[in-house]
Amino acid sequence: MNGHMSNHSSGYGIYPSQMNGYGSSPPYSQMDREHCSRTSAKALYEQRKNYARDSVSSVSDVSQYRVEHLTTFVLDRKDAMITVDDGIRKLKLLDAKGKVWTQDMILQVDDRAVSLIDLESKNELENFPLNTIQHCQAVAHTCSYDSILALVCKEPTQNKPDLHLFQCDEVKANLISEDIESAISDSKGGKQKRRPEALRMIAKADPGIPPPPRAPAPVPPGTVTQVDVRSRVAAWSAWAADQGDFEKPRQYHEQEETPEMMAARIDRDVQILNHILDDIEFFITKLQKAAEAFSELSKRKKSKKSKRKGPGEGVLTLRAKPPPPDEFVDCFQKFKHGFNLLAKLKSHIQNPSASDLVHFLFTPLNMVVQATGGPELASSVLSPLLTKDTVDFLNYTVKAEERQLWMSLGETWMKVRAEWPKEQFIPPYVPRFRNGWEPPMLNFMGAPTEQDMYQLAESVANAAEQQRKQDSKRQSTEHSSMSDYPPADGYTFSNSMYHRGPHVDQGEAALALKSTPNRHVDRNYDPVKTQPKKYAKSKYDFVARNSSELSVMKDDVLEILDDRKQWWKVRNASGDSGFVPNNILDIMRTPESGVGRTDPPYTHTIQKQRTEYGPRSADTPSAPSPPPTPAPVPVPLPPSAPAPVPVPKVPANVTRQNSSSSESGGSIARDSQRYKQLPVDRRKSQMEEVQDELFQRLTIGRSAAQRKFHVPRQNVPVINITYDSSPEEVKTWLQSKGFNPVTVSSLGVLNGAQLFSLNKDELRSVCPEGARVFSQITVQKAALEDSSGSSELQEIMRRRQEKISAAASDSGVESFDEGSSH
């Protein structure tokens, strides 16, 4: 229900008092009831709408709105936080860095106060008496939050007021602001009451009752508990029994798959792994935010003397509540599924390798286990089981402390499917992602077949999940297995939730996640066949909207890395690569001199290892790969050491790496073994390719050195900023310097003077490119001083000369200039 003018529990809005005659339903005669049963949906809709509009005068002055609490700032001049606009500016910076965590709640307005109520427990979180509300303002369409309600409140015990910001979706902020302002006006004892008229206006603007449907409602589908779960489980079990172990059909398919089919399958697994890492990172940050709120709440309770709640403690209590157990279970399942995917992809990803990602995941896994009070909840997560390859891979990869954590999780994390009884049902795992993304179907497998299998697995998984919830609910009535979780109001909070023995620090897992911001697997394969380098010139400016896109300027010359789709992957002269739409590019026949880097910089992006997916024809050489990390020298490793990153099997896959000598030295043995397995003519062709590429690279390097690597200057106007520059000019300047979208959106809201006032540490705290921004600002300041220094000096000298001349004329002494002219 999208309204607020209803006395139904499904919506939020003005509800009637029990004292005004609407608390109980009036008596109806038998004829009236028969007439009502025959009333059409449209007539019923009109009756309800008229009732909602006409009964405003008879309802109590209590209105409720569902809002999202964005953040709370202390208005302090030291923090440059004085007005609502300052708060909106800081909100934009936090939003650009992904640090805004919304909290759903109910905002209630009556004739005495504005209250914040917990959506689930209905407990009052905050209470702001109307006389403590200093300012109320609606802010629309200033950032990604398009309807913001700003409340400035200061209680007598506070030294500085608080600024509370709410996002209002169901009822717009301007209507809620009008309601609050009218309540404040009436509380001051005005002769004419404003609030009834304001409520009537709100009801007219948003009656809150949806129109009747044009067609009768469809028959609802059967729920998970209503479907024939046993038949579906039997069907799934029969299919699994026919196929045997889950690894067997995969191996069978691998023998028949073409390189393109395997590439598509690996690409899908890579996408699933990326979304799993995203969801785990989000959950860890959510845990960290809850821990921070709990820590702040504990400090406040220790410092204050009375038991009365202080300002802001209610919202802190709500934010300190940990996620529900179901979210912990989902996170553990994604950890297990992620380990399975890493074992499958260990030969196909690099920089970092699958082994590095295993070490990377064990730190947040340890934090989640601690947050649940121990390994009990994690050990109860049965599906998905780890595969045999995964168990072998982890045994070879994990360190001593990681192995200790792994062993503590029990047999559900150690035993493969073959070690469980055949009659025991293991529900299939269907991952569900926070953003609603679903893995793409594999076309070569047959969409109907795979879709049927997916739906079957999902229905069985839903049934198993429903059964698990019922079992956990039944167990919770007998004895609380999760005693460390607080009650619904969130006030009883156990320190053991976040502190249980000598464990890892609160932010360590989050820092581990932040340490590799670009840890996503590269989903893009190079074409199978070797092609000469292609270049294109951009016809227009293009600003990247995410990390996978690349910002380009008009007339930029770009190297084309992948042009198989509508968005082409290109590399600019600085070595940065990303996707741009192909309709802004013009193909160039010959590359301009000096364009493109032969040694692109090191990147932290996980890339797919270029390996042969199947037998290849003799006349199909492999293409040079995009920049992977230097391959390690194959040295025998102990069992606890990470698995070495697989290297390309074909020597034609020589890539432009920063340490090409180490790669060539470390790959001689592999190359010789590879050559022994190939025909002589095939070996010669590959050697010729390597020699040709080496000759071309040497030739390019020599010619570039002779030309002194002259890069043609583009006819792009130079963009500078001054202290008087507007935020739009600052944003344009940042884009022209090639900063990423996060930096542009974070700093593009500042004017020139505000940007110049920030030091390096402040810039680093706002955006990851803070050091580079500071250096560019320093250059701009120096340019301003060079351009305006002489004129300012002349102005100062002119004023000084006027003063000397005036003093000389009063005393009868000639000025310096006059004296020197004689």
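One is the number of the first residue shown, and numbering goes on along the chain from there.
Using N, Cα and C of the backbone, Cβ positions are placed for all residues, glycine too.
Features reported for this protein in Swiss-Prot:
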type	residues	note
MOD_RES	Ser58	phosphoserine
DOMAIN	64-194	domain 'PTB'
REGION	204-224	region 'Disordered'
COMPBIAS	208-221	compositional bias 'Pro residues'
MOD_RES	Thr223	phosphothreonine
REGION	295-320	region 'Disordered'
COMPBIAS	299-309	compositional bias 'Basic residues'
MOD_RES	Thr317	phosphothreonine
REGION	460-487	region 'Disordered'
COMPBIAS	466-477	compositional bias 'Basic and acidic residues'
MOD_RES	Ser476	phosphoserine
DOMAIN	531-590	domain 'SH3'
REGION	608-685	region 'Disordered'
COMPBIAS	623-649	compositional bias 'Pro residues'
MOD_RES	Ser625	phosphoserine
MOD_RES	Thr629	phosphothreonine
REGION	649-822	region 'Effector region'
MOD_RES	Ser659	phosphoserine
MOD_RES	Ser662	phosphoserine
COMPBIAS	671-685	compositional bias 'Basic and acidic residues'
REGION	680-698	region 'Amphipathic helix'
MOD_RES	Ser685	phosphoserine
REGION	718-738	region 'Helix bundle 1'
REGION	752-757	region 'Helix bundle 2'
REGION	762-767	region 'Helix bundle 3'
REGION	766-785	region 'Helix bundle 4'
REGION	787-822	region 'Disordered'
MOD_RES	Ser811	phosphoserine
MOD_RES	Ser815	phosphoserine
Q: Note down the number of other Cβ atoms within 10 Å of the Cβ of Thr317 (phosphothreonine), including every protein chain shown.
A: 22
Q: Take the region 'Helix bundle 4' (766-785) and count its residues per DSSP category (helix H/G/I, strand E/B, coil), listing them in that order.
A: 17 helix, 0 strand, 3 coil
Q) Could you give the number of helix, strand and coil residues in the region 'Helix bundle 1' (718-738) as assigned by DSSP? A) 10 helix, 0 strand, 11 coil
Q) For Thr317 (phosphothreonine), what is the secondary structure state per DSSP, taken as helix, strand or coil? A) helix
Q: Summarise the model confidence on the domain 'SH3' (531-590) as a single mean pLDDT, whole number.
A: 84
Q) Per DSSP, what is the residue count of the domain 'PTB' (64-194) in each of helix, strand and coil? A) 34 helix, 51 strand, 46 coil
